[in-house]
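Chemist: I have a structure I would like to understand better, so I am pasting it below and will then ask my questions one at a time.
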Amino acid sequence: MAKQEDIFKNVVSHAKEYGFIFPSSEVYDGLSAVYDYAQNGVELKKNIREYWWKSMVQMNENIVGLDAAILMHPTTWKASGHVDAFNDPLIDNKDSKKRYRADTLVEDYAEKLNQKAEKEIEKAKARFGDAFNREEFVTTNARVVEYLSKKEEILARLAKGMTDDLQDVKALIEELGIADPETGSKNWTDVKQFNLMFGTKLGASAESAMDLYLRPETAQGIFVNFLNVQKSGRMKVPFGIAQTGKAFRNEIVARQFIFRMREFEQMEMQFFVRPGEEMQWYHHWKETRLKWHLSLGLGKENYRFHDHEKLAHYANAAADIEFNFPFGFKELEGIHSRTDFDLKAHEEYSGRKLQYFDPELNENYVPYVVETSVGLDRMFLAVFATSLQEETLEDGSERTVLKLPAVLAPTKAAVLPLVKKDGLPEISKKIIEDLKWDFNVAYDEKDAVGRRYRRQDALGTPFCITVDHQTLEDETVTIRHRDTMKQDRVKITELRGIIENEVSMKNWLMKM
Ligand code: GAP
């Protein structure tokens with residue numbers, strides 16, 4: 001089995017074993033692509049949300065928050081284009097009756113070519129050692145050139161087929177000999193579009209019930225409230241509205257754990273600007289959002305921009321911030337310059353004006369919008385998977401440590417009495433009583449102290465505070481740092497300052 005797959009499996013099982021994420025309704029064998037956040041997961045998720053909210057809302061005078069309802073008037077989704085165009089191209093296998101996303105089948109095929117090229121590159125690297133020049137090898141080795149150019153050709157044809165002719169996507173699948181990944185059958189139906197929105201009903205009786213949708217993005221709640229917020233908050237363009245909340249998509253290829261879920265959470269911000277100034281703001285937000293990600297210290301090499309060449313009909317620029325997940329680089333956040341498309345569409349469908357009077361220009365206009373949209377669950381996966389590490393220690397033993405950014409860790413410190421007697425538990429509890437006003441702290445007295453350290457390492461707790469017999473004499477404790485395992489002897493009264501320094505959002509956000 002590939003190493004990547006092992007790492008990913010480990011992430012999923014660690015998340016369950018240590019109370020971060022459980023499959024939804026597991027007693028009934030779970031519900032596909034739906035997950036529950038457990039006692040530690042809910043804290044980590046909350047901290048990521050807060051870290052985003054603080055940087056977007058609290059730190060920006062001209063950005064305010066909103067919490068719009070999940071259920072919205074159904075015309076919203078007609079205006080936004082979701083009723084007509086929020087589709088995935090699906091293909092069924094006639095023999096296995098299994099359903100797949102046609103574009104994913106082709107992308108997976110292209111990825112295999114990529115992996116073949118990478119294998120050749122790795123082999124050559126091992127052969128040539130320090131003298132190896134990757135760039136030269138990739139452009140001159142006949143096999144690698146063939147794999148990579150075939151990959152590009154396939155992806156270009158897929159992109160064209162997706163917009164111009166779905167029949168050509170089917171033709172491509174057949175030409176490439178792509179088989180049902182589960183059964184090997186190549187007996188495919190035509191490719192058809194499938195709308196991803198979940199429908200529901202409002203009202204008691206079948207006759208009077210109104211068809212609604214569970215929102216597939218939080219953004220439309222912001223658009224339809226644009227003027228309410230602008231007027232009641234006396235906001236001046238440029239200004240932003242930020243929101244976090246649940247979104248729902250009936251994803252067909254729902255796999256990769258919490259990467260692609262049917263119920264997930266978004267953190268979105270719509271920034272309203274003067275027409276003509278959107279590109280400058282688009283670049284501003286691209287850079288600002290990348291800096292926010294980098295401030296968490298997960299490694300610069302794990303992020304890259306993917307600028308969209310083919311744009312959605314409403315956008316005049318778009319980019320993804322991609323992250324190096326355990327299964328490769330994939331979209332983590334989208335930054336989109338959405339023009340005035342959404343506000344104009346809501347004007348048209350509602351018959352109400354959604355315009356801003358600009359006192360400096362002395363004119364009315366529909367603002368342009370730059371959007372930043374990041375999946376909270378994807379952020380969780382990025383942080384969690386990158387932080388989960390196996391280490392071999394100097395004495396040859398192994399430890400599993402979750403090196404979460406301390407600012408996001410569910411529990412900031414665990415207080416451990418060395419033994420369960422001699423008054424040590426009482427002092428430990430007193431320390432907790434004092435610290436818990438400011439931090440999430442845990443108490444643990446079970447097992448030998450070494451095992452307790454390992455348990456806290458696996459939970460990502462940045463500090464372990466050990467109360468021992470010396471504490472009785474001089475009111476000092478040891479404080480152990482998760483990442484270095486270094487232990488310092490400090491006064492109990494110093495604990496708050498030491499912890500605060502490591503976990504304060506201010507200190508982390510200042511790195512932006
Ligand atoms: N308002 C713009 C919008 O919704 P999107 O690219 O469809 O754009 C934005 O979604 C972000 O939401 C993505 O970058 C991703 O992080 C997250 N996301 C989208 N679909 C998701 C899913 N099925 N499961 C988890 N996260 C998802």
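Here the Cβ of each residue, glycine as well, is placed from N, Cα and C on the backbone.
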Chemist: Tell me which of 79-106, 107-134, 387-414, 443-470 corresponds to the coiled coil entry in TrEMBL.
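Modeler: Checking TrEMBL against the ranges 79-106, 107-134, 387-414, 443-470, the coiled coil one is 107-134.
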Chemist: Which one, Glu146, Glu152, Glu217, Glu322, is listed by TrEMBL in the same substrate site as Arg101, Phe264, Glu265, Gln266, Met267, Glu268, Glu371, Thr372, Ser373, Val374, Gly375?
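Modeler: Candidate listed by TrEMBL for the same site: Glu217.
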Chemist: Can you name the far-off residues of the same chain, 6+ from the ends of the coiled coil (107-134), with a Cβ under 8 Å from a Cβ of it?
Modeler: 141, 143-144, 147-148, 150-151, 154-155, 158, 176, 178, 181, 328
Chemist: Between the Cα atoms of Arg378 (ATP binding site) and Thr372 (substrate binding site), what distance do you get, rounded to the nearest Å?
Modeler: 14
Chemist: May I ask which residues of the same chain, at least 6 positions away in sequence, place their Cβ under 8 angstroms from the Cβ of Glu251 (ATP binding site)?
Modeler: Ala33, Asp88, Leu196, Arg260, Met261, Arg262
